[in-house]
Amino acid sequence: MKVANGYEYTAIMEKIAPKKLAMEGDPIGLQVGDLSRKVRKIMFTLDVLEEVVDEAIEKKVDLIIAHHPFLYRPTQHIDTTTKQGKMIKKLIKHDITVFAAHTNLDIAQGGVNNILADLLHLQNTTMIEETYSEPYCKIAVYVPENELESVRLALVNNGAGQIGTEYTECTFHTTGIGSFKPGANANPTIGEKDALTSVPEVKIEAIFPQYLTETITKAVKIAHPYEEPAIDVYTLEMQTYKEGLGRVGMLPKKLGMVSFIDKLKTAFAIDNVRFIGDLKTTVHKVAIIGGDGNKFIHQAKSTGADVFITGDVYYHTGHDLLAINLPTIDAGHNIEKVMKGYLKNKMEEQAKILDYEAEFIVSEVNTDPFQFC
């Protein structure tokens, strides 16, 4: 097994939460440290606080992957007598690198908002606000029949073959005869130099978002037995890859608001929420934006949701929500902590595929600043 470096692990993060999905001005990516260093232990956290850094030092962590960037605003100086300055000093002293995936992880398929929606068992989910779009592409690879599975895995393990939110590993195969004549300096896997060779081959096709072109073609070339594999990639004019903030979906059955709030508290492992609206409301359609959703109340209303779930609702936004008759549950910003276990599992899965050797852990520090008395 290989001990990979920080760049190789952030390449996995790019598959999970592509940087291009982030909202404008969001300071994602490297926060502190050296991505060229070898990584043997990775810790996932919602926030980077001094207590989290102390935990990382104690557990000999090499790379912290956080949801919230702690260097969110431009820093003119680092005063090591302050709490944040001490934290940065500790990170540098102990060679701990910090990487953040923020709104890109909120927006990505399978990211924070999908996890929250899944915990509530929402069905037929769609986005609340579209924030990104680009064309879909289709790849066609021609491969000997006995090597089909290795190429198929290279495609689907790198993001090809997803149609909608519920169908993955979607490919189409056709069989035919491939013919080629290797040159004098070629090193053919099949056939002889300067001789025309005909081979039964399979054409495997799959669609993927355009931004994955380089990742997928590189993976296919590695998996393919030929030194010069035949690969076609073309843009699909009729299909567009879209991502956006928040999720809206249907509960399996209607619930009263009080029962739904109880369900939510259990699902998110929280004891209290703030509520705006009529507790007698019946809930079937649910909209959710993890974190601060104050700017998106009208978009949530336009979905026809019976209730909107978010965090950090401002006092005057509460009045606005009453005015537009959108019952709202403020479940707190900390519910986004669900990303820790999700990223741990995804990273372990990808590291196993790539044969990377590392330990993956989640921070045990509760970073929620609020207590209910």
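Each residue, glycine too, has its Cβ placed from N, Cα and C.
His67 (divalent metal cation 1 binding site) falls outside any helix or strand according to DSSP and counts as coil. Residue density at His67 (divalent metal cation 1 binding site): 27 other Cβ atoms are found within 10 A of its Cβ, drawing on all protein chains shown. What Swiss-Prot lists as divalent metal cation 1 binding site is His67, Asp106, Glu336, and the listing cites similarity to another entry.
All protein chains included, His68 (divalent metal cation 2 binding site) registers 18 other Cβ atoms within 10 Å of its own Cβ. For His68, His333, Glu336, the entry in Swiss-Prot reads divalent metal cation 2 binding site.
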Given the recorded divalent metal cation 2 site (His68, His333, Glu336), which additional residues of the same chain have their Cβ within 8 Å of the Cβ centre, ordered by sequence? Leu46, Asp47, His67, Gly290, Gly291, Gly311, Asn334, Lys337
Entry from the binding-site residues list Asp106, Glu336 having the most other CB atoms no farther than 10 A: Asp106
Determine, to the nearest whole angstrom, how far the Cα atom of Asp106 (divalent metal cation 1 binding site) is from the Cα atom of His68 (divalent metal cation 2 binding site). 11
Compile a sequence-ordered list of residues in the same chain as His333 (divalent metal cation 2 binding site), six or more apart from it, whose Cβ lies below 8 A from its Cβ; state 'none' when nothing qualifies. Gly290, Gly291, Asp292, Gly311, Asp312, Asp368
Beyond His67, Asp106, Glu336, what residues of that chain have CB atoms within 8 A of the centre of the divalent metal cation 1 site's CB atoms? Leu46, His68, His102, Thr103, Leu105, Gly111, Val112, Gly290, Gly291, Met339
